[in-house]
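Asker: My structure is below; once you've seen it, I'll send some questions.
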């Protein structure tokens with residue numbers, strides 16, 4: 001799968017990323033390869049004057065390691081970014097709907113994605129599903145003081161929700177925004193409706209279902225790179 005990630009990352013960057021763009025950079029294993037390749041193109045001079053806006057502390061670390069300057073303060077931005085490039089945990093090709101958030105950064109990933117003209121997703125073949133929720137739970141970022149209320153509400157809906165635990169710290173996972181994450185097991189019949197519905201719950205900051213109006217997907221399947 002690692003080779004597939006490298007191939008789709010290179011294809012996406014070669015075909016979509018141009019000099020002088022403002023780019024949002026997501027989080028995850030596929031983005032690692034995208035950052036490595038972006039670094040090569042910047043150092044060779046084939047890409048110039050790019051501005052990078054990050055979605056997580058992990059991404060900041062990777063960019064710093066490649067000596068790529070980045071912006072983490074979005075308060076002065078008054079227009080959309082050109083492209084947000086990111087990976088996905090599950091992809092429903094027919095609707096271009098996604099599950100993201102297994103890395104715990106989906107709130108800022110969505111802020112960046114939904115304030116970009118294009119959301120460019122890169123993925124290996126394991127991420128393609130026929131229904132969202134098939135392989136992965138739906139991540140929900142929740143205010144710490146609201147987690148009990150939200151879990152009760154989900155139980156009343158007959159949904160199984162688990163508080164994500166950080167193995168290293170032996171306690172609940174804390175996001176970069178100082179919130180908790182609930183992983184909810186459910187098959188998503190209506191991605192857009194589900195995203196909107198859960199955002200109505202007081203205490204839910206964000207749900208890891210993405211339905212960007214202009215999503216481009218570069219993925220590997222049947223031994224070749226495809227686009228949707």
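Just so you know, glycine gets a Cβ as well, placed from its N, Cα and C.
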Asker: Which of 60, 65, 127 does Swiss-Prot put in the same substrate site as 27, 28, 29, 30, 86, 87, 88, 89, 100, 101, 102, 103?
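Answerer: As annotated by Swiss-Prot, 27, 28, 29, 30, 86, 87, 88, 89, 100, 101, 102, 103 share the substrate site with 127, chosen from 60, 65, 127.
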Asker: Counting other Cβ atoms within 10 Å of each residue's Cβ, which of the binding-site residues 27, 29 comes out lowest?
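Answerer: Sparsest of the binding-site residues 27, 29 by Cβ contacts within 10 Å: 29.
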Asker: What whole-number Å value do you get for the CA-CA distance of residue 127 (substrate binding site) and residue 109 (active site, proton acceptor)?
Answerer: 18
Asker: Tell me, if you would, which residue among 100, 127 (binding-site residues) has the fewest other CB atoms within 10 Å in the structure shown?
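Answerer: Counting other Cβ atoms within 10 Å of each of the binding-site residues 100, 127, the minimum falls on 127.
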Asker: If I restrict to non-local contacts, at least six residues apart, and a C-beta distance under 8 angstroms, what lies near residue 88 (substrate binding site) in its own chain?
Answerer: 98, 99, 100, 121, 123, 127, 210
Asker: With the substrate site defined by the record as 27, 28, 29, 30, 86, 87, 88, 89, 100, 101, 102, 103, 127, how many Å span the farthest pair of C-alpha atoms?
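Answerer: The substrate-binding residues span at most 15 Å between Cα atoms.
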